[in-house]
Amino acid sequence: MIMPQQSSKNSGLWQQATLLPIALVAIEILVINGGMILDMTTSGTSDATRVLLMDSPHWFLLTGLVLGASEILAYRFLVKRFAKRPVTELGATGCIKETALGILVGSVLVSLPMLILWARGFWRFNSFAINSGILKGIGIGLIACVFEELLMRGVFLRLLEQKWGAPGALVVTSLVFGAIHLSNPGVTWLGALTIGVEAGFLLGTAYLWKRRLWFPIGLHFGWNAMQAAFWGGNVSGTGKQSGLLDGTLHGPTWLTGGSVGIEGSLLTAVIGLLAAGVIWKLTPREAPEMAPHEAKTPTDEVPDTGETPAITASEPGRQTRRD
């Protein structure tokens with residue numbers, strides 16, 4: 001027989017596992033395809049102008065900002081509504097510091113393989129230019145980081161950890177994270193595996209470190225934005241960007257990443273996995289905080305000592321139970 005409390009807990013987990021992803025995907029579709037609404041309401045605008053607007057760096061940046069803000073608000077609302085708990089993973093205290101630290105760590109980590117390949121002659125510098133592609137690169141970083149972290153770490157990793165523990169949840173979500181990138185044009189099976197190993201484990205441990213999302217969101221943003229806006233690279237097989245630097249990768253695919261970009265490189269996978277190992281060592285081994293309706297009340301468990309509570313007399317004609 002399922003006890004009412006257990007049924008309530010399972011219901012809350014099921015609602016989070018279904019409603020949160022649906023809401024986040026719906027927001028992505030609505031905002032990214034907002035150009036269709038723009039198209040219908042600007043009949044006097046030429047097709048060329050519409051295409052230019054949709055592909056402009058400013059549009060990418062605005063889309064990223066709107067997506068990030070709306071998804072965070074939706075996540076907070078749905079967690080409070082259905083999980084009935086404080087949204088500690090998106091708490092305001094320390095959010096700027098944690099996000100900034102994540103941006104710094106992500107930028108450094110993704111630059112390490114580029115610097116190594118440059119030093120070894122596998123990346124050739126072509127030119128340097130301040131251009132609008134930098135804004136587009138920042139927008140690309142924003143579009144992916146909030147959605148993917150809320151979905152993969154905020155929903156799936158957190159819920160699976162309650163069922164299987166942190167190691168099992170980390171392995172599963174990392175493999176899934178790599179697999180979903182197969183939808184990108186240039187991603188191969190090997191590329192998906194390296195993305196899962198380097199980024200999946202890295203971002204997963206970044207969440208588990210404090211069980212908050214600001215650090216992995218910042219790390220994810222720094223990782224993508226540095227690739228696109230600074231190095232002008234190919235982010236997750238989506239195509240080469242126009243960044244601050246322009247260069248060419250050449251060499252074996254296992255080293256340069258081929259059509260996937262630097263994320264498909266085994267060198268990047270090793271660096272990401274080592275960084276994930278360091279964060280894992282810093283992560284406290286403690287159970288995740290439960291929602292109020294999932295937590296046990298003092299009356300849920302009565303310790304069985306094997307003894308019968310003693311009866312003492314405190315007043316004539318009255319007995320008091322001493323526990």
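Cβ from N, Cα, C; glycine included.
Note that this is a predicted model, so its numbers are computed, not measured.
What TrEMBL records for this protein:
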type     : residues : note
COMPBIAS : 288-299  : compositional bias 'Basic and acidic residues'
DOMAIN   : 134-226  : domain 'CAAX prenyl protease 2/Lysostaphin resistance protein A-like'
REGION   : 288-323  : region 'Disordered'
TRANSMEM : 12-38    : transmembrane segment
TRANSMEM : 58-79    : transmembrane segment
TRANSMEM : 100-121  : transmembrane segment
TRANSMEM : 133-152  : transmembrane segment
TRANSMEM : 164-183  : transmembrane segment
TRANSMEM : 189-208  : transmembrane segment
TRANSMEM : 213-233  : transmembrane segment
TRANSMEM : 253-280  : transmembrane segment
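Where the transmembrane segment (58-79) meets the stretches 100-121, 133-152, 189-208, 213-233, 253-280, the count of C-beta pairs under 8 angstroms peaks at 133-152.
Across 100-121, 189-208, 213-233, the stretch most heavily in contact with the transmembrane segment (253-280), judged by Cβ pairs under 8 Å, is 189-208. The stretch from 100-121, 133-152, 164-183 with the most CB pairs below 8 A to the transmembrane segment (189-208) is 164-183. Contact count against the transmembrane segment (133-152) (Cβ pairs under 8 Å) is highest for 213-233, out of 100-121, 164-183, 213-233. For the domain 'CAAX prenyl protease 2/Lysostaphin resistance protein A-like' (134-226), the number of residues in each DSSP class (helix H, G, I; strand E, B; coil) is 84 helix, 0 strand, 9 coil.
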